[in-house]
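Straight from Swiss-Prot, the features:
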ACT_SITE  Asp67  active site, proton acceptor
BINDING   His63, His65, His143, Asp213  Zn(2+) 1 binding site
BINDING   Asp67, His68, Asp213, His271  Zn(2+) 2 binding site
Amino acid sequence: MAAFSVHILGCGSALPTTHHHPSSQVIDLRDKLYMIDCGEGVQRQFRHEKLHFGRLIHIFISHLHGDHCFGLPGFISTLGLLGRTGTLHVHGPEGIERFLSPILEQFCHRMPYQVEIHTIDASRHALVHEDKSVKVYSIPLSHRIPAVGYLFEEKCRARHLNKAAAEFYNIPLAEYPLIIEGSDYTTPDGRIIPNRHLTTPGTPPRRYAYCSDTEFCPSIVPIIQGVDLLYHEATFMEEDWARAKETFHSTAKEAAEIARQAGAKRLLIGHYSGRYKDVQGLLEEAQSVFKPTIAANERMRIDL
């Protein structure tokens, strides 16, 4: 099975601390890298993780609060210094172009590569990117400004060819792609061979959902139903529930409740408030509702 892993580059929130970096993650799927959010200092974290800059083609920004996007100017500049030539695609909600275009014009106008900016409607659940390896869907979140989560779903073959059966029926190689996609096969004498006799079920696609920043938002549950791993912000503990509501963030308990309702296989919490020196309390609070919870930490890698 191809690699599908999530690297945590930063899991802190807006206030800088000595414990955590601002939000950023990298998904490694079939030798391609996809970044989600780009907090300050992300280049250093990228090197710590021994990730290859050239394998990154797409960056997905959740919203335009600084702890999620202030790393973009430096990261984009670094790619230019490294001699990048391939286009970099930056996806984000309304305002991403107003934020990034003046910076590119002022500081990055002589770079050896292009940056393409793609604006996402944060109010809609939609397919926002597709390539040979993955489909990426937007997840409408509820925050103080437009915010969007992302659902990554790997692309798998719908069916696996039973080569012994294909050879038995003398099926031409040219017919294999259609059979793998689910078609029956008609022999030269007109006999129909059902697809189920020629294939076996495909591997279910692995799915990863990133939901930050957001207040408690049950409307996302149908979108993320059954995901293999859910990252959900857990900025506060329940004892600070009033502050969570005031700032449109979630508590660890609320993050766990979303995971429970969605039937997620595992929950990864992060985006910790700087008021907590130790995240153990957040982890225990989440685990009291949803046992398979992991507390994110820098340089952590989670395999799906």
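Numbering starts at 1 and runs along the chain as displayed.
From the backbone N, Cα and C atoms, a Cβ is placed for every residue, glycine too.
The Cβ of His143 has fewer other Cβ atoms within 10 Å than any other of the binding-site residues His63, His68, His143, His271. Residue pair Asp67 (active site, proton acceptor) / His143 (Zn(2+) 1 binding site) shows a Cα separation of 14 Å.
In three-state terms derived from DSSP, His63 (Zn(2+) 1 binding site) belongs to neither a helical nor a strand segment and is classed as coil.
With respect to their backbone Cα atoms, Asp213 (Zn(2+) 1 binding site) and His271 (Zn(2+) 2 binding site) stand 8 Å from each other. Counting other CB atoms no more than 10 Å from each candidate's CB, the recorded positions Asp67, Asp213 peak at Asp213. Sequence-distant neighbours of His65 (Zn(2+) 1 binding site): residues of the same chain at least 6 apart with a C-beta under 8 Å from its C-beta are Ala14, Ile145, Asp213. In three-state terms derived from DSSP, His271 (Zn(2+) 2 binding site) belongs to neither a helical nor a strand segment and is classed as coil.
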